[in-house]
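Take a look at the structure set out below.
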Amino acid sequence: MNFSCLGLSKICFLVSVIFCTFLLLFIPKTKTPWRPRTYPQPRPPPLFNATCGKQFALPGIEHAQQKLPTHTTDITHFEDPGNVEDWRAYILGRENPDEKHEGPTDNPGEHKSVLASSINSSKDALEFEDLFIAVKTTRKYHKTRLDLLLQTWISRAKQQTFIFTDGEDQDLRQRAGIQVINTNCSAMHTRQALCCKMAVEYDKFIESERKWFCHVDDDNYVNLFSLRHLLASFSHSQDVYLGRPSLDHPIEAIERVKSDGSASVRFWFATGGAGFCISRGLALKMSPWASMGNFITTAELVRLPDDCTIGYIIEGLLGVKMHHTPLFHSHLENLQRLPLQSVLKQVTLSYGGPDNKRNVVSVGGIFSLENDPTRFRTVHCLLYPDTHWCPPRKTR
């Protein structure tokens with residue numbers, strides 16, 4: 001009896017070993033072999049065989065690379081008085097910007113425009129608290145250019161405006177408080193210093209969790225009503241890049257493709273001197289090339305100034321087209337040609353330099369040109385007549 005039980009146990013053991021061996025040999029053949037997954041990676045910034053400066057002759061870029069005087073009390077710019085552009089050259093909705101039109105285009109749908117987006121059905125319920133307005137300045141202009149902005153439009157948008165500068169200023173800190181951000185970037189007006197400030201602007205906007213990022217310079221007047229009206233025509237969750245180019249054609253540059261050739265890349269960029277706006281949805285997509293110091297790295301790889309690098313990331317890398325709008329204005333334009341009846345409808349305004357002080361918007365009736373050389377105070381009083389320093393309106 002014991003012998004038969006022992007034999008049966010051995011037989012069961014042998015059967016189980018054979019069965020396990022069979023499973024080990026058969027199962028791997030029925031399974032799909034494992035392959036490592038490949039996940040989409042951000043496209044690395046390629047090297048450009050070009051710059052926005054000399055090769056493409058952007059108005060004002062060569063000037064921007066120059067060092068500014070170390071001491072000045074002049075509120076205006078150092079610019080070539082002949083280097084202005086006609087604001088009427090920018091027509092909404094045209095595919096070929098080399099063709100200048102005086103009226104509506106025949107095919108406005110081919111190129112993205114503010115006009116097309118103004119009928120967007122997915123509009124934002126936009127409040128002023130949703131805006132992040134970054135003002136780029138330098139310590140040298142705190143008591144001139146920036147002081148003028150603090151007296152005028154910034155006084156109406158204290159919680160929406162953040163001042164990015166390059167030096168600590170206790171007087172400015174007392175006036176604007178935590179809205180002043182010392183970037184610790186160089187005070188030189190160079191490509192590296194400008195990109196350093198833009199990198200800080202981008203990171204601070206991402207931290208803020210606000211819906212819209214708008215960048216302006218310290219020589220821009222921002223019409224807050226027009227700005228909100230414009231941005232409310234779009235959805236902040238979509239890819240929106242709003243601005244005005246300083247050229248009438250996109251930049252065309254050579255992009256190196258490994259070692260077996262090259263390809264041409266073309267993109268528009270919105271000039272920072274007129275201001276531009278970016279939706280939060282698009283800003284988040286820029287993160288691989290713009291966040292945590294990556295913006296400086298990207299700018300160095302392509303050797304482009306700050307506003308050109310923004311356009312390169314958005315159009316050149318992400319493939320998002322810029323919405324061209326004539327509502328933004330820089331000191332490079334002939335501002336006197338802006339019709340009087342439309343001045344108060346613009347989003348940003350600017351003014352000319354010391355050699356071209358007459359390049360200002362044509363508004364009057366409140367302050368003389370001597371007392372208001374930039375015309376910003378006059379514009380502000382027309383928009384906000386209740387401002388305490390504005391003269392009372394004359395009653396007929």
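Using N, Cα and C of the backbone, Cβ positions are placed for all residues, glycine too.
According to Swiss-Prot, the feature topological domain 'Cytoplasmic' maps to 1-6. Annotation source Swiss-Prot lists transmembrane segment at 7-27. What Swiss-Prot lists as N-linked glycosylation site is N49, N120, N184. Per Swiss-Prot, the feature substrate binding site maps to R145, D218. According to Swiss-Prot, the feature disulfide bond maps to C185-C196, C214-C277, C381-C390, an assignment based on similarity to another entry. As annotated by Swiss-Prot, Mn(2+) binding site applies to D219, H331. The active site annotation in Swiss-Prot covers D307.
If you draw a 10 Å sphere around the CB of N184 (N-linked glycosylation site), it holds 12 other CB atoms from the protein chains shown. Note on proximity: of the recorded positions R145, C185, C277, D307, the one nearest D219 (Mn(2+) binding site) is R145, by Cα distance.
In terms of local Cβ density within 10 Å, C196 ranks first among the disulfide-bonded residues C196, C390. Taking R145, D307, H331 as the recorded positions under consideration, the smallest Cα distance to C214 (disulfide bond) is found for D307.
Cβ neighbours within 10 Å of D218 (substrate binding site), excluding its own Cβ and spanning all shown chains: 20. Comparing D218 (substrate binding site) with H331 (Mn(2+) binding site), their Cα atoms are 11 Å apart once rounded. Rounded to a whole number, the distance between the Cα atoms of C381 (disulfide bond) and N184 (N-linked glycosylation site) is 35 Å.
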